[in-house]
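In TrEMBL this protein carries:
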type	residues	note
TRANSMEM	A:20-39	transmembrane segment
TRANSMEM	A:45-64	transmembrane segment
TRANSMEM	A:71-90	transmembrane segment
TRANSMEM	A:96-117	transmembrane segment
TRANSMEM	A:122-139	transmembrane segment
TRANSMEM	A:171-192	transmembrane segment
TRANSMEM	A:220-240	transmembrane segment
TRANSMEM	A:260-284	transmembrane segment
TRANSMEM	A:296-319	transmembrane segment
């Protein structure tokens, strides 16, 4: 597993593509997103979900930098989502629910992180997976509270005390997701450029060296883990507030797999990768489902295979390569 | 934050916009007749529940073909858009929006899974799009809120559990112990809660010797069967369905559990063809409705035979209950459009006028007729009987059937099912009609 993670981020790790090269694509991307959301109203919903998932995948990207793959990250997404669903009947203010969901996910991330950062590679991945399945089982079995697999409906939300129309609300959620995506993107960029962020790459190459330098690898990884949990929780809150219905499916291992899938698809080289991957994933899925309702899984799988075979750096790797050549 | 929108996507988007703009033009103002009647249908095309979803889609394709041959609905040919429920809620609600906002569907059929229905129904309110709940059974839909654009064209959990319970109380009134083995998910839990509430009201003092909820999709029930063999309950209830039920029945039959206890299987019908002769005779079986192949007195026997034969000819198997539920939704759609068009003097209805036409609508099914109550819930009769084998079918069909009128076994409008079941009195049993030989 760590082998695949290594090869994933190698193209990016080799070339510190943190140059000016990211700014223009990011701005273009934002413009394209807004344009598409405006031109095709129903895609606004799909893109909001994509942005939310992109935020969660940013967290995965941090861990990938350290060569660790979490196969249970959906637990933070589900924590954020269920926080919104549970609290919404009492407090409908979206601008309060969002930080609350992020906070709870962060706390869970800290608790889980203290334990899992002692492990590496397959053990790290599997422990995350196991813990996320514990959460899944709880959500499914505590039927009295969670309504089991039927899930919970998120009641109508207010934004800064106002209850907007459906159309406005969709734009608000889209805008909120976009804003948070930009903020977290910038944060992750700054973080990865900082000594703490650089130390993550140290964990991947050789941890002992870090320790010799007096840096605690465990602490470095824990910080990244908690940050990724925060982003997972934020993403979950956004998903819950957008789709307005949460089910335990959110915490299931396939959902975690989906996040890793998106990370691979987008490429781990840049903070843009997760959003590229998430948008590509959601759009491929939705168009594949529209074209062949029976076999969309096959199309999605084929896309991933093609990316792994021909563009190991993901979509970002492809784009960055092209930009570098043209520059 | 992304530039994944390549040229191709942009063109896709542009084309889609052009499409939706055209549609917007068609839908606005004077409601001209569309060139095609678009129906969005959510069903399981992948996953465990595709055992229901795929036959239902087959049935829909078969019926729409027929309708289009006969000139469509109100002179407009029908076109169906199928959407997979498999990937989960956030994908499904996105697809619901796509169908409404982009494909411009005129009516939606929502969902096999209760979770999907609970997510889609509020969307129908928000988007003001008439939505027929064609198969999901949760009682929460209309008991926890009003949904002016949603209508369920079939029965639901409460009658589907109460009818087998009443049948059992008639057939085997002196049972003392009961065990339950349901799938560990919402329907398994919900149906047990309904059953328990009804049983405690109608026959207090039954001892529940085991409550088992093996995981959904479990491949092996040997521990459960062993426990049931040891506990020796008079009755074993299981609302499991699909592959799970087939596995359970096979493994229980192998170890002679059916000889010791009477099984009550409210969702048995859909698995009978797979089980064939493995299904033991003399156990209580239900069909989530009245659409058995050997219905003792269908309203329109020719229509039932025609549907069953056409389905068999095309797909080489008997239609199961989701096929009938799909047929019911389509029948309701035909009746609803006819009523809305008539109310408008031949004009094409807008979304609100279409929804109005469904309120209180009565439509015919091959076996009976169904009325949509004022809360949107359909009243579908329930037939329960004892599994038996005849010359005609290579699988079990019920005998000594009791036809439960829907109004008798459904919670009245505005009441919550569990609360209502608790108010039932043992005298209620006197209202149960006599069995009919089948």
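Keep in mind that glycine also has a Cβ here, set from the backbone N, Cα and C atoms.
In TrEMBL, annotation is done automatically, which means it is predicted and not curated.
As the structure is a computational prediction, the values presented were derived from the model and not from experiment.
Looking at A:20-39, A:96-117, A:171-192, A:220-240, A:260-284, the range that has the most CB pairs within less than 8 A of the transmembrane segment (A:45-64) turns out to be A:260-284. Counted over residue pairs separated by six or more positions, the transmembrane segment (A:96-117) shares at least 3 Cβ pairs under 8 angstroms with the transmembrane segment (A:220-240), which defines the two as touching. With a cut-off of 8 Å between Cβ atoms, the residues of this chain six or more beyond the transmembrane segment (A:220-240) that come close are 48-49, 51-56, 58-60, 62-63, 65-66, 68, 70, 73-85, 97-98, 101-106, 108-110, 112-114, 116-117, 154, 173, 176-177, 180, 184, 191, 196, 199-200, 202-203, 210, 246, 250.
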